[in-house]
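Participant: Sharing the features that Swiss-Prot gives for it:
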type    : residues                : note
BINDING : 34, 36, 38, 40, 45      : Ca(2+) 1 binding site
BINDING : 66, 68, 70, 72, 77      : Ca(2+) 2 binding site
BINDING : 103, 105, 107, 114      : Ca(2+) 3 binding site
BINDING : 144, 146, 148, 150, 155 : Ca(2+) 4 binding site
DOMAIN  : 21-56                   : domain 'EF-hand 1'
DOMAIN  : 60-88                   : domain 'EF-hand 2'
DOMAIN  : 90-125                  : domain 'EF-hand 3'
DOMAIN  : 131-166                 : domain 'EF-hand 4'
LIPID   : 2                       : N-myristoyl glycine
């Protein structure tokens, strides 16, 4: 993958928070990560990104970056995903990304089971399953304003609106 085709770059300029120079620098970084020169980053390559492998949600993050569900992250998906974490990414973009981490089946809702799975990944063995299920049940009950037993994006957003989630989803990196 030499210089990124201008049509792709033009689309990324329109759809992301990066300028042309930033996209070019990120393209070079992408090419270094793509060790086998396949044009995409597989799970092992994705996990080699500094700070990613130590994140318990790294697998889910990669799945959210992988918009076409191919199992790999191509250049457009890489830039689009990183754009959300840039300082220019909006709070709404960051919250939508966080929501997608929990929405494993991509149906637009966070179910009790999905919330349990993601929280289990995060807390590991620090809580037993019964304690964790109580937290999940309480979280759903307290935030499910329409009573359908699951959280929509708006319910999720309202639940964490007062937290500093958007700030914690901003990466400081040298582009």
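The backbone N, Cα and C atoms fix where each Cβ goes, glycine too.
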Participant: Do any residues of this chain, six or more beyond the ends of the domain 'EF-hand 4' (131-166), have a C-beta under 8 angstroms from a C-beta of it, and if so which?
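Facilitator: Sequence-distant neighbours of the domain 'EF-hand 4' (131-166): 91-92, 94-96, 98-99, 102, 108-112, 115-116, 119-120, 123.
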Participant: Around the Ca(2+) 1 site formed by 34, 36, 38, 40, 45, which additional residues qualify by having Cβ within 8 Å of the site's Cβ center?
Facilitator: 33, 35, 37, 39, 41, 42, 72
Participant: Cβ within 8 angstroms of the Cβ centroid of 103, 105, 107, 114: which residues besides those meet this for the Ca(2+) 3 site?
Facilitator: 102, 104, 106, 108, 109, 110, 111
Participant: I want the residues beyond 66, 68, 70, 72, 77 whose C-beta is within 8 angstroms of the mean position of the Ca(2+) 2 site's C-beta atoms, in chain order.
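Facilitator: So the extra residues in range turn out to be 40, 65, 67, 69, 71, 73, 74.
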Participant: Among all protein chains shown, how many Cβ atoms are found within 10 Å of the Cβ of residue 36 (Ca(2+) 1 binding site), not counting that one?
Facilitator: 10
Participant: Across the domain 'EF-hand 3' (90-125), what does the mean pLDDT come to, as a whole number?
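Facilitator: Overall, the domain 'EF-hand 3' (90-125) comes to a mean pLDDT of 94.
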Participant: Using Cβ-Cβ distances, find the residues under 8 Å from residue 45 (Ca(2+) 1 binding site) that belong to the same chain and are at least 6 apart in sequence, listing them in sequence order.
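Facilitator: Residue 45 (Ca(2+) 1 binding site) has long-range Cβ partners 33, 34, 35, 36.
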Participant: Quick check: which same-chain residues outside 144, 146, 148, 150, 155 lie with their CB within 8 A of the centre of the Ca(2+) 4 site CB atoms?
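Facilitator: Here the non-site neighbours turn out to be 109, 140, 143, 145, 147, 149, 151, 152.
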Participant: With the cut-off set at 10 Å between Cβ atoms, which of these binding-site residues ends up with the most neighbours? Options: 105, 114.
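Facilitator: Output for this query is 114.
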Participant: If you count other Cβ atoms within 10 Å of each one's Cβ, which of the binding-site residues 144, 148 has the most?
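Facilitator: Per the Cβ count within 10 Å, the most buried is 144.
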